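**Q** One structure is given below, represented as structure tokens, and several questions about it will come after.
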Amino acid sequence: MRRRPAVLFVCLGNICRSPLAEAALRSAASRAGLDIAVDSAGTGNWHVGNPPDRRAQATALRHGIDISRLRARQVESADYTRFSHIFALDHDNLRTLRMRAPPNATAEVALLLDWVAGRVGMSVADPYHGGSADFEKTWQDVSAAAEALVARFSSRA
Ligand code: 4NP
């Protein structure tokens, strides 16, 4: 039997993009009846223990999802065996993830938008220095990715 998919989304701070990706995938998987584990983390440690950025929280709420209880954490070595898939939100974080992979890593480490038709090779832009329109764009990107992931994981069952 195939292992239940376990997906970790990784950005820099774990307060903007990856918590939104986590929320979007949880929601899409639940709608599709897909049994999947979902989490998020950051390559950086500046925001460890903090809730998502207020603008990310507001964006998720606009789409009916409360992410206020999430707390930022940093990627750790055990993540590379605990998760089947680790998705970087951008190229910088993909590079960092690959550099930090322990020798016993089993997770597939990939760029998130490489799994989305028409978006291969693209990064989810960092909205941290932007405004609410940038956060909405992040939501659209991670929602499209969540739908693509659910379709791919559902067809493997
Ligand atoms: P995220 O956004 O990586 O999508 O969570 C950022 C959050 C914080 C910082 C940069 C990006 N920062 O420099 O503190």
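From the backbone N, Cα and C atoms, a Cβ is placed for every residue, glycine too.
Straight out of TrEMBL:
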{"type": "ACT_SITE", "residues": "Cys11", "note": "active site, nucleophile"}
{"type": "ACT_SITE", "residues": "Arg17", "note": "active site"}
{"type": "ACT_SITE", "residues": "Asp126", "note": "active site, proton donor"}
{"type": "DOMAIN", "residues": "5-152", "note": "domain 'Phosphotyrosine protein phosphatase I'"}
{"type": "SIGNAL", "residues": "1-23", "note": "signal peptide"}
**Q** For the domain 'Phosphotyrosine protein phosphatase I' (5-152), DSSP counts of helix, strand and coil?
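**A** Going by DSSP assignments, the domain 'Phosphotyrosine protein phosphatase I' (5-152) contains 64 helix, 21 strand, 63 coil.
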**Q** For Cys11 (active site, nucleophile) and the residue listed as 'active site, proton donor', what Cα-Cα distance in Å is obtained after rounding to a whole number?
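**A** Their Cα atoms are separated by 9 Å.
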**Q** Would you say which of the active-site residues Cys11, Arg17, Asp126 has the most Cβ atoms within 10 Å of its own Cβ?
**A** Arg17
**Q** Between the Cα atoms of the residue listed as 'active site' and the residue listed as 'active site, proton donor', find the distance and write it as a whole number of Å.
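**A** Between the alpha carbons of the residue listed as 'active site' and the residue listed as 'active site, proton donor' there are 7 Å.
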